[in-house]
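Provided herewith is a single structure, encoded as structure tokens, for subsequent inquiry.
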């Protein structure tokens, strides 16, 4: 990601793409009429307008994108019906075992009950697809539902699994949406790849590959290249997906934190949610720094990345007998595990200026600089035989990644021992490693910059070393090529399609649920502890790690309707911002009961009491479990706060019955603390636990 600053002598006559938002037309227009209307805003001749107009939006955004100079963009702003203009920007693109890790098992449980996602359409906005990959066969997949209106941009290869494909680049290119990057194929197969036996990466992580919703339909919208994704194309992808009739939109794309009323992606996603479509987005890969989130709007599911309990094991053994479990995606069967000299210097811990006379023939311990692969290649170039402490991706060089804590022990030994030695042995795939899941180091953290009163991210899912389909042969560490085309990748991009697949399963099980109800089920049924019963912070993991089986039957949900979101955006942005997001210039926030962020009926709760006073928020839950049921509150709080809930129990006599309660929080210490306090609010019945993360905030 490159940070740019404006120069004093910019060229205001240079064409660039702008997204132009308009007031809704007074009359309904068909596609041709819409195109003509949009061209009327362009300050150019009719002949030139065809070349300048990039996209016409109709379903989730009222407006268009066009190539304009800065002066022309200003002139468009003077025309009647204009609302707002956004300079286009480029956003970065941010599994054989993970279904089982999430508790999805063939033939029973949630997978069987949800028919593996049959009948649900997942719209995936990414870098296209390798449509001929065997993961996208349609065995067991029925024809698409009659509501489907999309088309296939591939001459061959579309079937009941892959029902749609469009290239949205540069004004909907006629070229087929072929994936030349790999990212789109990987995420698509993670969300909804069909069952495919004998998948592996050079024998590692072998098994039957399957997406989270293996019998769901896929609709592909190419909005990215390897260089990134233009927001104008992303918005066009959302618009097309909604018009085509998808049920879930998966967006593994991020960027800078942007106010929601100035973010075309958030505005377009709001339009999708108003039509009942669930939208899942990546939280970003800028962790572990706080306040680095992307896609923070409350109508989006913001997904963090975590590890799974699978490791491609490489064991590091020091000369003093200490052993450390590392990981390497390149396993070297010829490695004898013999002792070699270990080298490390604190003055060059990142190995950026190694002297070949110092490291030739030695194993070098390095901290990661830029990327693990980059660091390993620095060692290789200097003549080392192993970057023994660093690698977590492919490199034709024996190297191993270990944790930061283990790395500190190894480097301490390397600098203190008279003759430090080390061996590395490669043990293949190991299942059941611990701790897991753990929030990934790179996963962006909260709190939200543009919505601090709402806890973000929402939830975490598998996103580290995920094995999934790849569009081309994959080169192994020793130069071999694997024609089975499966590859490992990591990022919140990989976590997002896991959650998109889970949303598809829940939509199949509960077709009448709103996007907010599905989100609530995912969040309140998530696991807040790993398998060793330790926990991460809410601003890292969100509500917790996704648990599809529990989410399928949550008992209670925190639902939200469009009027709730309008009250929220009115309270946050006033008339101007609310009209932009809602796409309705008749919205009058003065006639609406505006609410604050903490008052939005969100599954997580943020309370911000003042010093010495209490703060109260209201929540409403809907019974989606047994008709006759009773829940009792259980609050787990640290000693720095007191939390009371009224009433302390909720009784239901019918399905879809609603009950409200108040949460009151107060600091128990003198003066405001310097850190937020994290707690859990649980509604407990005989058969269910509905857990909401609760943050008592110092903001």
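From the backbone N, Cα and C atoms, a Cβ is placed for every residue, glycine too.
As the structure is a computational prediction, the values presented were derived from the model and not from experiment.
Straight out of TrEMBL:
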ACT_SITE  126  active site, charge relay system
ACT_SITE  183  active site, charge relay system
ACT_SITE  493  active site, charge relay system
DOMAIN    17-92  domain 'Inhibitor I9'
DOMAIN    117-533  domain 'Peptidase S8/S53'
DOMAIN    599-696  domain 'Subtilisin-like protease fibronectin type-III'
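Thinking about packing and proximity, how do these listed features fit into the structure?
Counting every protein chain shown, the Cβ of residue 126 (active site, charge relay system) has 30 other Cβ atoms within 10 Å.
DSSP assigns residue 183 (active site, charge relay system) to a helical segment in the three-state reduction. For residue 183 (active site, charge relay system), the same-chain residues 6+ apart in sequence whose C-beta sits under 8 angstroms from its C-beta are 93, 126, 127, 224, 226, 252, 489, 493.
Its Cβ placed at the centre, residue 493 (active site, charge relay system) has 29 other Cβ atoms within 10 Å.
Confidence for the domain 'Inhibitor I9' (17-92), expressed as mean pLDDT, is 90.
Residue counts for the domain 'Subtilisin-like protease fibronectin type-III' (599-696) by DSSP state, with H, G and I taken as helix and E and B as strand, are 1 helix, 56 strand, 41 coil.
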